[in-house]
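S.K.: Got these off TrEMBL a minute ago, pasting:
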type     : residues : note
REGION   : 52-102   : region 'Disordered'
COMPBIAS : 62-85    : compositional bias 'Basic residues'
COMPBIAS : 91-102   : compositional bias 'Acidic residues'
TRANSMEM : 125-154  : transmembrane segment
TRANSMEM : 174-191  : transmembrane segment
TRANSMEM : 211-230  : transmembrane segment
TRANSMEM : 289-309  : transmembrane segment
DOMAIN   : 343-380  : domain 'RING-type'
Amino acid sequence: MQPNSSELGVHQAGHGLSLTLLTRTPAGTTGGSAVPETSGAVRVPILSSGSWESCRGGASSRRSRASSRTSSHSHSHSHGGGHQHSHSEPSEVDPTDADLESGEPSTSFLELRYLFRWVQKSLPFIIILCAKLVIQHALGLAVGVGLFTTFLYVNKNIQTQVFLQDRRSKIECVWLLLFLASSTLLLYYTFLTETLYYCLIFLNPAVEPLGFWEVLWVVGITNFTLKFLIMEFKCLILLLPSNLVTYRAQGLWYMLTEEVGQVYQAVAPTPLWFRYLVTYQKVDGNTGLTLGVLLALVYFILKLLGLYGQWGSFQKTVRIFLSGEHTGAAATRSQCSEAGDICPICQAEYRDPRALLCQHIFCDECIALWFNREKMCPLCCTAITDKVHKWRDGATSPYLQIY
């Protein structure tokens, strides 16, 4: 009778090690019957897969923040042969935490990302509010857009006609004049009951109730109307023949008209803001009236300071207009002959030639128009003046005077 034999084996399964003990029982006879040989397998785990995963996780770059959750299930069956099933589920790591572990995004970047997420979530509500505001103030917004586009169109065309000089189109100037006049009349006729034209003569319109948005709307319309009146006057100057008013004199008139218009635009909204600041409800009592008067006084002081700043520019413009200062000195006949008797700008014979500091000679009209935009000689780029004579090119300031 042979003795029982056993075998010892080491196997690696999954991420762990197991010790397998094999036993055999030889076939024998029991009571004259044959007993078949049987074998059994017993597995003894040495290192579990969870411990092995912990060791690998400790070597990774995310060991400081990431948490590893591994589940291992082993099922052993010893019926003729052993088999083992292992199942591990890796833990889910938040992308934000992973970015924080890597140390790539800064605090400001994270704040911007959170702000972007908030805006993204609030975007539908913001769109709803904007749509409500547009519907509620549709007429006022349409009027504002129409006035602004009209101003841009006419202002650009007036500058073009001034630059063309002799080649300007009088038909275009008449069209611009009629277009501005009809737009102004149509606007005031549409809001005839509000008497918006009262603001042009420093009176209060019949707008009730006079809230903050109503004041802004009326002041904006008044400001654009004054700009239209200024541009209409410039169109009339454009229609004058050049033998009656020279182009240089026209530039001075454009400059004076614009300066006077800006002063008028600064004064026009004053009565309307006074009324808004002083107006109070009965429930406010004397406290509301006192506060309104104080605010009106502060506004009046700020307005006087602003007008004082404009007064210096206005005085300078009037002095230039009355003196009729010229650029450079009068050129002699010999200088003109040496220069070829041809103006480099208009490519024609000199008309009232002027010699600059760099000794280049131009027509007085041509060089005056040039210095409406530039400070240097058009030939050698030598600095001739330290300032650009504003508004001589027929431009109108786009600045909106709302206070």
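Heads up, the Cβ atoms here are built off N, Cα and C, so glycines get one too.
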S.K.: Using a Cβ distance cut-off of under 8 Å, indicate which of 125-154, 174-191, 289-309 has the most pairs with the transmembrane segment (211-230).
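M.R.: Checked against 125-154, 174-191, 289-309; highest Cβ contact count belongs to 125-154.
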S.K.: Could you please provide the mean pLDDT value for the domain 'RING-type' (343-380)?
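M.R.: Mean model confidence (pLDDT) across the domain 'RING-type' (343-380) is 83.
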S.K.: Within this structure, do the transmembrane segment (125-154) and the transmembrane segment (174-191) have 3 or more Cβ pairs under 8 angstroms, counting pairs 6 or more apart in sequence?
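M.R.: Contact between the transmembrane segment (174-191) and the transmembrane segment (125-154): present.
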S.K.: May I have the DSSP-based helix, strand and coil counts for the residues of the domain 'RING-type' (343-380)?
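M.R.: Reading the DSSP string over the domain 'RING-type' (343-380) gives 7 helix, 8 strand, 23 coil.
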